[in-house]
Amino acid sequence: MIIGGARSGKSRHAEQCALDGGRQVIYVATAESRDGEMARRIAHHRERRPADWGCVEEPLHLAARLRELAAPDTCILVDCLTLWLSNLLFAGKAAAQAEAGEAIACPLFAGETAALIETLPQLPGRIILVSNEVGWGIVPMHPVSRLFADEQGRLNQRVAAVCDRVTLVAAGLPLTLKAPPKTA
Amino acid sequence: MIIGGARSGKSRHAEQCALDGGRQVIYVATAESRDGEMARRIAHHRERRPADWGCVEEPLHLAARLRELAAPDTCILVDCLTLWLSNLLFAGKAAAQAEAGEAIACPLFAGETAALIETLPQLPGRIILVSNEVGWGIVPMHPVSRLFADEQGRLNQRVAAVCDRVTLVAAGLPLTLKAPPKTA
Amino acid sequence: MIIGGARSGKSRHAEQCALDGGRQVIYVATAESRDGEMARRIAHHRERRPADWGCVEEPLHLAARLRELAAPDTCILVDCLTLWLSNLLFAGKAAAQAEAGEAIACPLFAGETAALIETLPQLPGRIILVSNEVGWGIVPMHPVSRLFADEQGRLNQRVAAVCDRVTLVAAGLPLTLKAPPKTA
């Protein structure tokens, strides 16, 4: 798992990790290109990636897609959990509930995140997950932004707990937060 | 001292540290339950804590409360300095001064923070302080948010300077920023 | 290079590094004092600095200024790249382009940042650069804030790549992200 702020170099670091592994790489994009700004961001990422990487778009059902794609000789790079979370919260009406000041009851979001946490430890091959740190600023005024910051933080904790290695990236430089125990 | 972003797992890490110490734990809550969202956050924290922990609410006069509670066989867990700071800035009119574009002159805030910094090194037993990092985002547009970010950052620096151990938490994982020198 | 959030103690740490080096120090301020709040921030920084440090203001043409000032026995402390970036984006019309939803085409910004990256490795003496981390919060709603967060993140990556040492500061405490290889 690779976490960091926006424009921290976390995607680039993840791509380097995928290249270094020597496995066949499948890139799983969770973004949907909707407007000019997002289209430019996606193009900016795409032009960096090797042409022989597979590329799959999966905005919502990540666990099912990972079960389908994972294989012992494959490295799957998911970029990123933050857009996936955003897609779930908006598709599943949690954003609307937060806006209205209601308690959040969103089966799509709860089910998909639980499925990811349960699925990750069972997958063969290598999985690299990119996710944003978004809770290091002032608590946002808008209730949807607060919901998003809360759920992103909780998701990062839960995913980090089931990953072997967690790396924080700042200014393009990696800092290891969790590493597999060294084998003697 | 345990710092981190919102939903970074810092409270959970602090609770684990308190449990591991084997001392009697007193939990000092600085939050006041005012609305539905805050009440849900408080309940979310409370259901995690062991039933035999003492629990005290102290929104403002933290130094005096710590002097009263601290004892050699006791671990006091303060969660969190961020809400305490917010309570002081609003109770002491600093927030209103910032809103009006005036220089900040707030004796309550200045006195309470100075008292905490002076008191901390003198206390017996173990003190665990939880605080947020809030200055890693875009500078906020609202002057009260800027005041808050500035004072939270300064407070974290001053408290960290008088603590033996400072840990940064991200995605539930601790990173040591300051540790007591190893005794031979 | 010294990075960190707002009020993280990064300027103070940079000043201590400059003092420890034993060289003649020139402080390069990128800030322009325009309003009451900024004037107070600048005064807050100034009263901490030794009186024998040279001080130069350079809001825009940083690479040219560094080439002019750098010398083998000199330490130049630039505080900070964040205000310099902000000055460039506003002076060069990139902010206005972002506001209008246009693609960014800003020769001043592109030229000055490229000149800095090219110049840094060629300079004699010691250069300390202070820069903010601003991408660790919720993605800002305003397009100019998003442009700024993006370009600050990219700039930090590019500068970090050409610096010998990169230190992250939180709560006044330094954490090494990149260090020169130890010589035997």
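Note that the numbers count up from 1, one per residue, in the order the chain is shown.
Any Cβ shown, glycine's included, is placed from N, Cα and C.
TrEMBL has this to say about the protein:
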- A:His45: active site, GMP-histidine intermediate (ACT_SITE)
- A:4-11, A:29-31, A:46-49, A:Glu57, A:Asp79: GTP binding site (BINDING)
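Features as recorded by TrEMBL, highlighted on the structure.
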| residue | record | DSSP (3 states) |
| --- | --- | --- |
| A:Gly4 | GTP binding site | strand |
| A:Lys10 | GTP binding site | helix |
| A:Thr30 | GTP binding site | coil |
| A:His45 | active site, GMP-histidine intermediate | helix |
| A:Glu57 | GTP binding site | strand |
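Least crowded of the binding-site residues (A:Glu47, A:Glu57), judged by neighbouring Cβ atoms within 10 Å of its own Cβ: A:Glu47. For chain C, the nearby binding-site residues by a Cβ gap under 8 A, listed in sequence order, are A:Arg7, drawn from A:Arg7, A:Lys10, A:Thr30, A:Glu47, A:Glu57.
Look at the recorded positions A:Arg7, A:Lys10, A:His45 and count other Cβ atoms within 10 Å of each Cβ; A:His45 has the fewest.
When the binding-site residues A:Gly4, A:Thr30 are compared by the number of other C-beta atoms lying within 10 angstroms of their own C-beta, A:Thr30 comes out lowest. When the Cα atoms are compared, A:Thr30 (GTP binding site) and the residue listed as 'active site, GMP-histidine intermediate' turn out to be 13 Å apart. Note on proximity: of the binding-site residues A:Gly4, A:Arg7, A:Glu57, the one nearest A:His45 (active site, GMP-histidine intermediate) is A:Arg7, by Cα distance.
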